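Let me begin by presenting the structure, written as structure tokens, before commenting on it.
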Amino acid sequence: MRKFARKVKNSFKKGKKSSPTSQSASPLPGTASEDIPAARTVSMEGSSVAQVQSVALGILGPALGLFKEASVALPPLQAVVGSVFKCFEIYQTISGNTEKLKALANDLASRTKFLQGILEKEGLESLGEPLIQDLAHDLERICTNVTVSQHMGPGQKLQMDKNSQTIEGFQKEIQDAYEQCKMKLLFTIERNTETILREFVLQSMKHSSEAFYDSDIVNRTPCHPETRKDILSAIEAWAIDASSGPGYCMFGMAGTGKSTIAISVCRMLKAKNVLAATFFCSRQIPECNNYRLIIPTLSYQLARFSKTFAMSLKGILTSDPDIVVKTPGVQIEKLLIEPWKAVITAAQMGIYHPMLVLDALDECQDIAKVLQPLVSAISKKELQGLKFFITSRPEPRIQAEIKAYSASGMKEFILHNVEGDIVQKDISLYLQKELEHISPTEEQLCILTDSSQQLFIYAATVVRFVKEVDGMSRQKTRLLDCTKNAAHMVDLEALYVKILDDAIPTKIEKEMKDDLNILYTIVSVGRPLTCKTIAELLQPEVEVETVSALIKKLGAVFYQVEQHGPILIFHKSFYDFLSSYKDSKYKYNAVTQHESLTLSCFQIMEKLCFNICDLPSSFIKDDDVPGFKDKVSKKIPETLNYCCQFWTDHFEIGQTDQLFQKVQEILIEKGIYWLEAMSLLKSLPRCSKMLDAILKTSSNNADHSSIERIVSYLQNLIRQFINGDVYGMTPHLYLSIMPFWKNGVGCKPQLRRGIKVINRVINWLPETTVTVNVSAIVNSVQYSPMGDKIGTGCDDNTVRIWDARTGSQIGEPLQGHDGSVSSVAFSPDGTRIVSGSDDSTVRIWDARTGAQIGVPLQGHDDQVSSVVFSPDGTRIVSGSYDNTIGIWDARTGAQIGVPLQGHDNWVYSVAFSPDGTRIASGSGDNT
């Protein structure tokens with residue numbers, strides 16, 4: 001603290017301007033060494049007033065002494081003590097209100113000690129230095145104003161009531177300065193998460209760093225400084241206004257500049273120190289279009305933003321580390337709402353409202369599954385104090401989720417409805433600034449601005465197209481070419497055609513075919529890949545140099561963050577253009593392209609083999625093997641890694657009879673080696689989902705039953721491995737799991753000496769048993785009438801539907817109940833599910849889509865313990881802890897008659913007779 005004091009004192013003295021009212025701290029007024037004579041400060045009439053003042057200041061001495069003593073540890077404050085004393089002297093002289101001044105002096109001493117104590121407690125002397133300096137400057141300014149205002153002519157006096165008001169004004173200014181410093185200091189402490197993050201294994205919390213607004217994997221740029229001023233000003237005003245709503249949703253058509261505005265907003269909020277978390281969705285990057293990662297990613301960043309949030313989150317994850325893989329509703333409750341409540345309770349944020357930015361929601365698959373519970377939480381004020389800025393294309397499903405909660409306070413802004421003249425002016429200014437090095441003419445700027453049709457992406461693409469060639473003369477030629485052909489480039493599609501025409505040769509058919517193959521592969525792959533991997537997927541026809549050359553020529557639509565980094569598309573509109581373009585010249589056939597990529601994956605997967613990474617022992621976990629990560633990256637390089645992880649994605653789109661035969665062959669020959677590789681890549685659970693995709697595509701064709709059989713056996717092998725004690729020790733796939741696995745389809749390798757089971761104590765066959773990991777207590781379970789689905793009611797307030805053959809979850813959990821789900825039942829035709837809950841309601845769900853049908857059935861006064869459909873599916877009966885039985889119309893949701901009464905205790909179970917004419921009930925009253 002002494003070192004801090006010396007450092008700050010010196011820096012403050014250097015920066016402080018000399019003035020008649022500014023001086024170093026001095027001895028207390030009224031002592032022998034007094035250095036602030038009152039007569040020199042305020043006009044006095046006679047020595048009697050000076051004597052009274054001396055006595056009064058002597059009374060204030062102890063209180064001012066406490067203030068001076070407290071300021072010693074904070075040199076900037078110590079440097080202005082003299083100025084504060086002088087103000088006390090002035091007010092004492094003109095008012096004589098000793099008691100009020102004494103109370104103020106004690107208050108300042110207390111506030112100063114608080115600042116000193118909290119800095120020492122938190123060990124934040126260096127972080128607090130600029131805040132204490134700001135406080136000292138504020139106090140100096142206040143004292144200067146007081147001194148100047150007291151320079152009056154002879155005989156000028158103030159009335160006593162006015163004097164009292166003046167003292168109160170001085171007191172308020174001083175206390176406000178201290179309060180502002182205190183709030184800034186507490187906010188700084190709250191932002192200091194370094195210590196807790198060192199202790200907390202936050203880095204292991206699954207999240208997507210690639211979705212951060214400043215991630216370098218995606219080329220995200222802000223608005224040009226002179227453009228979008230009104231829009232950005234309006235957003236800034238909303239952000240800093242404490243009374244404004246918690247959400248700002250910007251909807252805009254493709255190419256209107258939503259993401260560019262979002263980046264500018266992030267930078268603005270970062271500068272104000274209130275940017276808490278971001279998630280920028282991207283169709284190209286799996287981690288950025290996975291809705292399951294949105295809430296964990298926001299929570300991770302909030303933990304880095306707020307120490308209280310991080311400490312609360314640490315406790316939550318310690319007690320349940322699997323929360324990050326649960327449903328969005330549970331994630332929002334545990335990873336956002338609960339830790340944020342701790343922040344609100346601690347009141348450390350003060351007047352600050354942390355901001356969360358979510359961009360391009362339309363590029364995230366199944367985004368409604370996150371948006372619905374998130375907007376619901378905002379509407380219920382469960383995240384009060386946080387603000388959300390959201391951008392998206394105006395897709396009905398997204399707008400519907402926002403509008404479903406009218407009380408959420410979400411402000412909507414339609415970007416493409418901004419007046420055309422304003423947008424055109426911004427686009428013109430952008431073009432002028434970006435192309436000023438080649439001096440475009442006014443006519444050229446006007447032509448390009450008009451051609452943009454209010455789409456910033458058009459202007460940005462033209463700029464990239466012009467700038468991608470070297471040399472000003474070539475760039476001028478391209479600019480001239482664009483403006484001369486403006487009549488043929490009347491929209492974004494025409495511009496993209498122009499770019500492709502210039503980059504892809506048409507004279508040599510082989511070269512054109514190779515370039516188009518490269519182009520279509522880049523837009524088809526499941527994640528951005530390097531030029532090397534694209535070339536390997538297309539070998540032997542294509543070399544890496546060919547890919548690199550084409551990417552360079554297509555710099556207006558593709559880019560690489562690093563020289564050998566993955567290739568990304570600048571804007572989703574280019575993918576939309578290829579997908580919808582009808583002309584045969586650049587027509588993209590998705591089925592053909594994905595079929596070709598599936599076959600390429602199979603060819604590369606031929607490299608898979610037994611113990612591919614040469615692991616030396618089965619006695620240690622994979623992660624404990626020396627150099628394990630290096631072994632994996634060397635033996636399973638990027639191309640093979642990609643093929644193992646994404647071959648089913650391509651197969652789902654490009655499926656043909658030929659591919660089904662190839663799938664059967666690859667699973668027999670390389671299926672187990674594929675599982676080994678995926679285990680080493682920490683992606684074995686993904687294999688189950690990939691095989692589920694195969695089952696879905698084959699289930700509609702009886703000719704593919706053999707594939708279903710192979711998949712079923714491999715699913716059993718995966719389950720046994722994942723549920724076993726040796727999971728994470730890949731060699732045991734062969735040593736401990738396969739000997740007990742029935743290989744009924746001849747998958748290679750086949751063990752020569754397996755273990756023969758002579759007798760089973762319990763007839764519970766692992767190869768015929770499906771284990772469903774629900775991740776929540778299951779209160780009720782029921783098969784669908786066809787036996788192909790299973791419904792469960794869980795303690796996490798959800799209803800879930802499962803594939804009875806594979807154990808995989810079908811769709812997302814059905815969310816809506818506010819209490820544990822105690823009972824579920826399928827309708828006789830299997831199309832609906834009814835659920836009863838501790839929230840006293842009955843709900844009906846569409847078993848195919850997961851959507852809730854109608855409104856909750858309300859009428860019970862306590863928990864609903866049992867529900868069932870009538871045999872004809874027209875009625876529902878429910879039993880409740882309110883001792884009654886309810887009957888409901890299954891079509892309208894209306895209650896039929898009054899609740900059936902007679903039980904003296906809770907009703908635990910209800911059932912219809914086979915003909916639907918009678919109801920049986922069981923109760924805690926023993927009847």
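Any Cβ shown, glycine's included, is placed from N, Cα and C.
Now, the feature entries from TrEMBL:
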- 1-17: compositional bias 'Basic residues' (COMPBIAS)
- 234-393: domain 'Nephrocystin 3-like N-terminal' (DOMAIN)
- 1-34: region 'Disordered' (REGION)
- 778-812: repeat 'WD' (REPEAT)
- 814-855: repeat 'WD' (REPEAT)
- 857-898: repeat 'WD' (REPEAT)
- 900-927: repeat 'WD' (REPEAT)
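Secondary structure counts, DSSP: the repeat 'WD' (900-927) has 0 helix, 12 strand, 16 coil. Listed by sequence, the residues of this chain that lie at least six past the ends of the repeat 'WD' (857-898) yet keep a Cβ under 8 A from its Cβ atoms are 819, 822-829, 832, 834-838, 840-844, 904-912, 914-916, 919, 921-923. Long-range contacts of the repeat 'WD' (814-855) within the same chain: residues 327, 329, 372-373, 777, 779-786, 789, 791-801, 861-869, 871-873, 876, 878, 880, 882, 886, 888, 890, 892-893, each at least 6 residues beyond the stretch ends and with a Cβ under 8 Å from a Cβ of the stretch. With helix defined as DSSP H, G or I and strand as E or B, the repeat 'WD' (857-898) counts 0 helix, 20 strand, 22 coil. Long-range neighbours of the repeat 'WD' (900-927) within the same chain, counting only residues 6 or more positions beyond its ends whose Cβ lies under 8 Å from a Cβ of the stretch, are 862, 865-872, 875, 877-881, 883-887. For the repeat 'WD' (814-855), the model gives a mean pLDDT of 91.
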